[in-house]
Amino acid sequence: MFRMLAKASVTLGSRAAGWVRTMGSYQLLVPPPEALSKPLSVPTRLLLGPGPSNLAPRVLAAGSLRMIGHMQKEMLQIMEEIKQGIQYVFQTRNPLTLVVSGSGHCAMETALFNLLEPGDSFLTGTNGIWGMRAAEIADRIGARVHQMIKKPGEHYTLQEVEEGLAQHKPVLLFLVHGESSTGVVQPLDGFGELCHRYQCLLLVDSVASLGGVPIYMDQQGIDIMYSSSQKVLNAPPGISLISFNDKAKYKVYSRKTKPVSFYTDITYLAKLWGCEGETRVIHHTTPVTSLYCLRESLALIAEQGLENCWRRHREATAHLHKHLQEMGLKFFVKDPEIRLPTITTVTVPAGYNWRDIVSYVLDHFSIEISGGLGPTEERVLRIGLLGYNATTENVDRVAEALREALQHCPKNKL
């Protein structure tokens with residue numbers, strides 16, 4: 001065989017000869033990893049943290065379906081059904097509605113990269129980690145970033161936002177509907193109309209709230225909204241949902257400069273997802289299996305009905321709050337009206353280390369809960385009731401685990 005290749009190299013010239021020599025000149029320095037000789041093993045756990053969440057059986061089954069080409073007609077039909085599902089859960093008729101092949105962070109960047117240009121004034125509500133992240137991304141773009149900073153656990157009023165709009169005259173306002181790091185749900189009624197009076201677009205992050213908390217993109221005047229797959233939707237992490245209305249689309253398509261990212265350029269993604277009615281154009285290879293799962297998760301919500309889904313989360317969370325109050329735990333968010341129904345934050349009880357509690361619940365009950373994030377790190381425990389997991393049975397399980405953890409975890413009496 002080698003003689004045949006060597007003879008061919010003489011015929012083809014020096015380039016081919018170099019290729020033949022390369023094939024035989026090097027030895028493998030890295031052996032096959034021993035770990036990969038063993039079958040993959042994953043523990044069985046109840047995921048009651050801020051996400052990801054457990055997959056419903058139907059969604060899990062979708063992940064094992066056969067692979068098909070990402071631009072074949074059958075896949076394009078699935079993509080069309082996903083778009084319709086997003087329009088339902090977003091409550092929007094926006095044609096420019098699609099999936100971003102990346103996590104919620106990628107959706108945030110997709111929105112900001114496409115809407116902001118260097119020098120644009122950008123106003124963000126920073127009452128948790130996600131406002132901080134939005135400010136960081138906008139700063140990297142070269143926007144003039146203005147933050148309305150509030151204490152974690154607080155929300156924004158129309159008056160406060162209007163003062164920011166009048167002072168900074170932004171082209172874009174960013175608000176988080178469900179702030180997963182603090183457990184706050186931000187009221188949205190009136191904010192879209194207010195922004196439009198000041199010629200400003202409203203961008204809303206609904207990653208931790210979509211499907212579990214009422215939100216109406218069109219009726220509430222939200223110009224751009226995004227969410228993610230792994231929380232209430234109960235799909236695998238790694239893809240996100242986004243929608244632009246006509247005002248936001250005009251801002252994107254009338255840019256003076258190209259977006260800083262080719263991968264998240266919405267003008268290309270719109271063609272890939274058939275949002276303009278034209279022949280679809282390949283931009284990147286979409287995550288086919290993840291889209292199968294997302295399609296099924298959206299179908300489950302459509303079958304259940306949004307109002308029923310919202311009610312189930314509200315009832316399960318009320319049941320959880322009752323247990324927490326009986327244990328003497330204190331809610332991090334003082335105002336009951338702005339407590340996020342999908343993710344509850346409780347202050348770490350005095351004398352306890354949050355890591356001990358989280359570890360005990362995991363080790364003894366195979367239940368995942370979480371500590372704080374960003375401004376709430378070391379300060380809170382976070383308990384998530386997301387989609388398929390939002391049941392009173394699961395609440396009773398995690399309440400039992402917490403009670404036992406508080407009895408057995410070391411407590412500093414000083």
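Note: Cβ is positioned from N, Cα and C throughout, glycine not excepted.
According to Swiss-Prot:
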type	residues	note
TRANSIT	1-23	transit peptide
MOD_RES	LYS231	N6-(pyridoxal phosphate)lysine
MOD_RES	LYS247	N6-acetyllysine
MOD_RES	LYS247	N6-succinyllysine
MOD_RES	LYS256	N6-acetyllysine
MOD_RES	LYS330	N6-acetyllysine
MOD_RES	LYS330	N6-succinyllysine
MOD_RES	LYS334	N6-acetyllysine
BINDING	ARG382	substrate binding site
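Locations of recorded Swiss-Prot features on the structure.
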| residue | record | DSSP class |
| --- | --- | --- |
| LYS231 | N6-(pyridoxal phosphate)lysine | coil |
| LYS247 | N6-acetyllysine | helix |
| LYS256 | N6-acetyllysine | coil |
| LYS330 | N6-acetyllysine | coil |
| ARG382 | substrate binding site | strand |
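The Cα of ARG382 (substrate binding site) lies closest to that of LYS330, out of the modified residues LYS247, LYS256, LYS330, LYS334. Ranked by CA distance from LYS256 (N6-acetyllysine), the modified residues LYS231, LYS247, LYS330, LYS334 have LYS247 at the top as the closest. Other C-beta atoms found within 10 angstroms of the C-beta of ARG382 (substrate binding site) number 26, with every protein chain shown included. Cβ neighbour density within 10 Å is lowest for LYS256 among the modified residues LYS231, LYS247, LYS256, LYS330, LYS334. Counting only the Cα atoms, the space from LYS330 (N6-acetyllysine) to LYS231 (N6-(pyridoxal phosphate)lysine) is about 24 angstrom. Cα to Cα, LYS231 (N6-(pyridoxal phosphate)lysine) and LYS334 (N6-acetyllysine) are separated by 24 Å.
Geometry remark: LYS247 (N6-acetyllysine) versus LYS334 (N6-acetyllysine), CA distance 37 Å.
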